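Record features, source Swiss-Prot:
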- 12-18, 40-42, 304, 330-332, 412-414: GTP binding site (BINDING)
- 13, 14, 15, 16, 38, 39, 40, 41, 128, 142, 223, 238, 302: IMP binding site (BINDING)
- 13, 40: Mg(2+) binding site (BINDING)
- 13: active site, proton acceptor (ACT_SITE)
- 41: active site, proton donor (ACT_SITE)
- 298, 299, 300, 301, 302, 303, 304: substrate binding site (BINDING)
């Protein structure tokens, strides 16, 4: 059977956890392929709400194997705390598999992340301060420490000792911060190693065998397309590649295994942190979207910036990811608005453009060109079929399909597992 990719088509927080959980009932493995604990997703099952940061949403399905792939950077303390929290709520975490090739977030990564962000002042990126960027930086510089190094205390000690010679010089002499103590870190991570060892595996091999045996594998990205380090609004991006092209690499499987790429897209637009946002609403409407949609970060708690749907970035996401389907979320949040504008292009110095500007300078100056659609006032949270939606809501979905360039195959009308309309089967 083929692999499926689930990717955020905006700036993250699109509702990937809900989509993954829904699809989890039809898949055998759910693989997180990039990012770290700088992002979170929420899954609501009945009266229970689960906030996950590192563990794939597939953990909440008893017949699904959750996998943390080699493209992820892992803070073992955070991972174990998340595992313990799920265990306390009756979730069996023994199924979790962790790639031996994934990189570890170390104390010096967190320290450097925080101090560099403070040093940048007004030019700061808006990092979560969890060490994600410095960890990916060391991975590329070939000075990183991997999960497999936890299995060999001698190798772990040698690698860390060598790395800390440089990192402590930077912390102490450049930023006037306390040095990281080698022995303290070695002791801390030795405890992590004991607990994580049963979960460490050659996940690429396991996934390849599963696919050959006819199993269905879902590859789950974190963040979103516009936060991709290559294709996003650089430098206001994450340090990895959430886009679909990295899914195979970050999971350890071949790209020809992938047959479908599903883009998760919110019925309006949100963004956390700094960076350009053409449709942003700095008014009461924006505040209302934030309040009704509960737009506060799962990981940071920060209020998300809100705006109307931007079809230009949606078209861009369809293009760079090769999206075959869209999963539209939070349509219910728009109930009650008299009008629901869609940004269909940008005004750049008096000239209309319909595609993503080539440069970030242009994108910073892009002004949205809207087409207005009538809104609806009905509560749609209990609707379970497309045919039963209000006419204006159906027209809105059709317009999003037309302007985005991909079919909407599922629609979320609330946070619950069952609050979804399936238009086209995704698995």
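Here the Cβ of each residue, glycine as well, is placed from N, Cα and C on the backbone.
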Closest of 18, 42, 128, 223, 331 to residue 301 (substrate binding site), Cα positions, binding-site residues only: 128
Fewest other Cβ within 10 angstroms of its own Cβ, chosen from the binding-site residues 303, 331, 413: 303
Chain-internal residues, separated by at least six, CB under 8 A from residue 12 (GTP binding site): 39, 222, 223, 224, 227, 242, 271, 272
Fewest Cβ neighbours within 10 Å, where candidates are the binding-site residues 38, 128, 223: 128
Of 18, 302, 304 (the binding-site residues), the residue whose Cβ has the fewest other Cβ atoms within 10 Å: 302
Integer Å distance between the CA atoms belonging to residue 304 (substrate binding site) and residue 13 (IMP binding site): 9
Residue 42 (GTP binding site): secondary structure state under DSSP, collapsed to three categories: strand
Sparsest Cβ surroundings (other CB atoms within 10 Å) among the binding-site residues 15, 301: 301
Residue 15 (GTP binding site) and residue 128 (IMP binding site), distance between Cα atoms, whole Å: 19
Secondary structure of residue 303 (substrate binding site) (DSSP, helix/strand/coil): strand
Pairwise CA distance, residue 18 (GTP binding site) versus residue 38 (IMP binding site), rounded so that it is a whole Å: 18
